[in-house]
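J.: Take a look at the following structure, please.
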Amino acid sequence: MRKLYCVLLLSAFEFTYMINFGRGQNYWEHPYQNSDVYRPINEHREHPKEYEYPLLQEHTYQQEDSGEDENTLQHAYPIDHEGAEPAPQEQNLFSSIEIVERSNYMGNPWTEYMAKYDIEKVHGSGIRVDLGEDAEVAGTQYRLPSGKCPVFGKGIIIENSKTTFLTPVATENQDLKDGGFAFPPTEPLISPMTLDQMRHLYKDNEYVKNLDELTLCSRHAGNMNPDNDKNSNYKYPAVYDYEDKKCHILYIAAQENNGPRYCNKDESKRNSMFCFRPAKDKLFENYTYLSKNVVDNWEEVCPRKNLENAKFGLWVDGNCEDIPHVNEFSANDLFECNKLVFELSASDQPKQYEQHLTDYEKIKEGFKNKNASMIKSAFLPTGAFKADRYKSRGKGYNWGNYNTETQKCEIFNVKPTCLINNSSYIATTALSHPNEVENNFPCSLYKDEIKKEIERESKRIKLNDNDDEGNKKIIAPRIFISDDKDSLKCPCDPEIVSNSTCNFFVCKCVEKRAEVTSNNEVVVKEEYKDEYADIPEHKPTYDNMKIIIASSAAVAVLATILMVYLYKRKGNAEKYDKMDEPQDYGKSTSRNDEMLDPEASFWGEEKRASHTTPVLMEKPYY
């Protein structure tokens, strides 16, 4: 056994040595061999013909008689551009004795910055109507909000009513339309609760006491158990009012209820179910709608403020371009544009309901037009025997660009991958606050990324291995826009970007290898697809040291396990008592049938089929 241990240990050390130092080959001799990215262009010339031979031009690398072959010359760039203003010395990323090759890798410098605008990923549920999860209460399944980001400015409008949705729900002998959506009064009071009251209530709770006000409000609402069912994972939503610093727990999770089958807009019929819908309204601009799943770090990962001097775009091989296919609407201001985006955003509202005709009208129209399906739907309404549990997962028209000059709101459903610097635009999302704006466009992002990529690439090539003329070779990334035009190394004179508050320059004479399709999808051009067939979508990291450390640690762990095993073999094996198996705790009642009851528990004795069902909407009695 000891011999086996020694053999395994020696093998482990040999494996570690191979990872760190290889088997004698010089990695730097072939820096692009077996590489998926950053390969020099040998077959495709990305520059116009007049720039293929920079030695024939006025500005060169001071190597007129160097005798370089054509393959080397086609990658060279003139150092100074005719008519270009020289950049300050500290901003010039290249020296005059360097040969520049252009990378093939079409990376996106905006990836990290734009992560919070990937709403499908960061929010993961509906926005206009959020019913993204199901939970069981007292043996019955209900839907509930589940979005991971706050929805700023969202509220509920009760149709034809002076009652606001933050009014406590009607209880006992009250008429239905006398109440709203909020939790009824309790002793002690749990809703509404001020920020100071919540801080005091949770002052000894290490997990809650230091949370921000929105997350604290969400967790406070999540502490309430419906119907005293402690086994239920149903959690109430909440609304936080920034103006008075109050957290309102919502007893009703439904956010939309329309149609003559489900509600009555007649205000005089006080005890009939009211109609309601979600909205971003002037009355709600201080409100924030919260689900049980709001993440603790929402300020970092979720959008809140709108972006001034910016418009959402798509990153297309070196530059951020306009989204070509959008839906355009008129909007007097940013608030109206944000409201429009919200109305068209991702929604979990069920689709199977009739929101216009009453049962009598449907029967009448059915006989008149000999439409049997219409007559059938009056007696057997859609949803009565089949629950419509549509979940958007955050997919929808969640983004918009507002043009302050033309007063047009451009709305689209494709995830933006970059920002365009434009003084006439404000970028907004359905999650964002309808009014709040920030003006901090990252003007240095491109220049910083160019520098970072060159430094990263320098680890893969020998910068000190100069050619006969003392020239160094660097690999420049495919970024063709920057506030430092010298960093672009453009074969033509870069153009100034109009309406740019960052004073950007763009290089337009380099052929693009990608394009945008009719459905707003960025794809590699046909002539370059073979070259990019084996390149992964995501840029690999070059932090080889992390891989080495991880591999070494794994080998060390293996060696330690072997040592412990051999040590234990020397003596008698110790006997360990098995932990007692956990006792069966109370479990919520499970349903054997998959066809859940789709009828809403609307207030009153009669149950009606509803498109909002199954949502917990029971009248509380005391």
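Using N, Cα and C of the backbone, Cβ positions are placed for all residues, glycine too.
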J.: So C302 is in a disulfide according to Swiss-Prot. Which of these is its partner: C149, C490, C492?
T.: C149
J.: With the disulphide bonds as Swiss-Prot has them, who is the partner of C247, out of C217, C320, C337?
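T.: Recorded partner, per Swiss-Prot: C217.
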J.: At the Cα level, what's the spacing in Å between C149 (disulfide bond) and C492 (disulfide bond), rounded?
T.: 45
J.: In DSSP terms, helix, strand or coil for C217 (disulfide bond)?
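T.: For C217 (disulfide bond) - judged by DSSP and reduced to three states - the answer is helix.
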J.: Cα-Cα, whole number of Å: C418 (disulfide bond) versus C263 (disulfide bond)?
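T.: Cα-Cα, rounded: 44 Å.
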J.: Whole-number Å only: compute the distance from the Cα of N421 (N-linked glycosylation site) to the Cα of C492 (disulfide bond).
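T.: Here the two Cα atoms are 22 Å apart.
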J.: What does DSSP say about C418 (disulfide bond): helix, strand or coil?
T.: strand
J.: Under DSSP, is C247 (disulfide bond) helix, strand or coil?
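T.: Reduced to three states, the DSSP call for C247 (disulfide bond) is strand.
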J.: Based on Cβ atoms within 10 Å, give me the single least packed residue among the disulfide-bonded residues C149, C320.
T.: C320
J.: So which disulfide-bonded residues are near N499 (N-linked glycosylation site), with CA atoms within 10 Å, out of C302, C337, C509?
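T.: Those close enough: none at all.
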